[in-house]
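What TrEMBL records for this protein:
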TRANSMEM  200-221  transmembrane segment
TRANSMEM  233-256  transmembrane segment
TRANSMEM  268-290  transmembrane segment
TRANSMEM  296-322  transmembrane segment
TRANSMEM  429-446  transmembrane segment
TRANSMEM  458-482  transmembrane segment
TRANSMEM  494-513  transmembrane segment
TRANSMEM  525-550  transmembrane segment
Amino acid sequence: MKDHQFKHTNDQRRASLVYSQGKPALYSPQDFFIKRIIDVDNEGDEEEQVETRPLLQEDPYFYTEESSNRRSRELLSEERNLLQNNNLITEDSNSDIIPSTWETAVKNGLLKTSHHLEINALTKSALPLVITFLLQNSLSLASIFSVGHIGKAELAGITLGSMTANITGFAAIQGLTTCLDTLCSQAFGAGKFELVGLQFIRCAIFAITCFIPISIIWVWFSTNLLSLMVKDYELVLIAAKYLQIVSIGMPGFILFECGKRFLQCQGVFHASTYVLLVCAPLNALLNWVLVWKFELGYIGAPIAITINYWLMPLGLLCYTIYDQKVLKCWPQNFQINQAFTNWSKMIHLALPGVVMVEAEFLGFEIVTLMASRLGTTELASQSVVCSIAALAYQVPFSVSIATATRVANYIGASLVVNAKKCCTASMNLGLIIGIINSLIILKFRYQITSFFTNDEEVISKVAGVLPLLSIMEIIDCLNACSAGCLRGQGVQKIGSYINIFSFYVVGLPISYIMTFKYDMNIAGLWIGIISGLISMCLLQFYIVFIGADWDKIVVDARKRNEE
């Protein structure tokens, strides 16, 4: 997220309402919960206080003096751009005059923007995010690509296994590790650097301990449990084998999630991207080699995933060794008993995170489970449609994050008119992206589907549903951008209520009714999803552009900055 204006916040000059990274559509944000943070000293004494940041904050800006100076220089560069756009300074102006010029311009309302400038800024901000998210998304897509060309039974079985792993394993682990977003960030901000590493060790051991009973179920009891939900025994066997193999890689995944947060709390956000730049292509290569070159079949897909789950934390370790400055946060006189203390506070922070991440996974996995009741072909088709939808969503999702950041910082600078223009520009950009995505999916639906599978029956079913998906793309892009505006305004809690209502009250019931009562097959599933998205988009649009009290939003920003 380099290069876009107003990315960084200067505490002495203006506030920001950027408290959480945006999540995909139909997701309940972390801000739904009232949370508390824990202040833990090096000796283990604890004291609770009201939290002013959410549990799952993506970018906790706590800096040392050196990093703070560097961020301030970047802030000056960003503010210089807008000042130049308004002809308040020239390219040759000295950086020393920027802070005073900025304050004067804000005070006198001299900082103007336009929809054209905002669209350009949002596009520039979103592009690097698109690349990062596509790399991350490719980890799961590689398995779908490789297995989908074996047969529909294998594709459906891997989808069932992946769904089960998401609900019972990955969601829980991701939720548990979110406690480090608070614990590590606060320890680093308080200057207790070795405590950062100690919290990493505690959380890693805690998460691995929690996964032990889950792994036992995956390895020895998954076949029996899946048989209770799915009638096709062949799919059950494939899914069970997937779970058994992936369980070997889960400790590596846990270490990566914990290690990523260990670095992020120190202001190192690019390390995981560097790791993905290596692991994503390697994952695709491993899928091809294991599934096709060595002819291991569908088993090669979970093996490739497992290998990558161990390579990813090794990649972070290599980065840590290379950039030894982050090692100042590693405990020098660590004793093993320290890793098993203060777990109660960690659990207190982790449980809300588990609930919210599970809520994200569960909604879409319920839809997948509905598809499994229709048959092997339908489940395989649903897997392909979901993969296409997820791939297309990465572009508006990136714009959503850029929007949230830019709107929030405009509000922090009390530039309400500019914030409104940014919201409008974001919606216009979302509409453009939605139309482009829609036309591509509609025009090339058969070619796109053939990338995922060779099965003619699956191709036919998917191609029949993609016109619905093309309609959904326009709505989903608008929904993503309006969600970004909501986050920028700092009203995530309202957004969480909208998400819960739209998905669990509108979307899922309609999906069930249209699929099983009116026999609309997987098209019925997506009619329900589209209905939920329409409900969400309309409600979010109303909150952002009609119901927003901008004066109160600015006041709330100032209050939060003073806390």
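Using N, Cα and C of the backbone, Cβ positions are placed for all residues, glycine too.
In TrEMBL, annotation is done automatically, which means it is predicted and not curated.
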Where else in the chain does the transmembrane segment (296-322) make close Cβ contacts, counting only residues six or more beyond its ends and a cut-off under 8 Å? 139, 142-143, 146-147, 150, 154, 157-158, 161, 238, 241-242, 245-246, 248-250, 252-253, 255-256, 259-260, 263, 271-272, 274-275, 278-279, 282-283, 286-287, 289-290
Within this structure, do the transmembrane segment (458-482) and the transmembrane segment (525-550) have 3 or more Cβ pairs under 8 angstroms, counting pairs 6 or more apart in sequence? yes
Positions whose Cβ lies under 8 angstroms from the transmembrane segment (458-482), at least six residues beyond its ends: 22, 24-25, 152, 155, 377-378, 380-381, 384-385, 388-389, 392-393, 395-397, 399-400, 403, 426-427, 429-431, 433-435, 437-439, 441-442, 445-446, 448-450, 452, 521-523, 526-527, 529-530, 533-534, 536-537, 540-541, 544
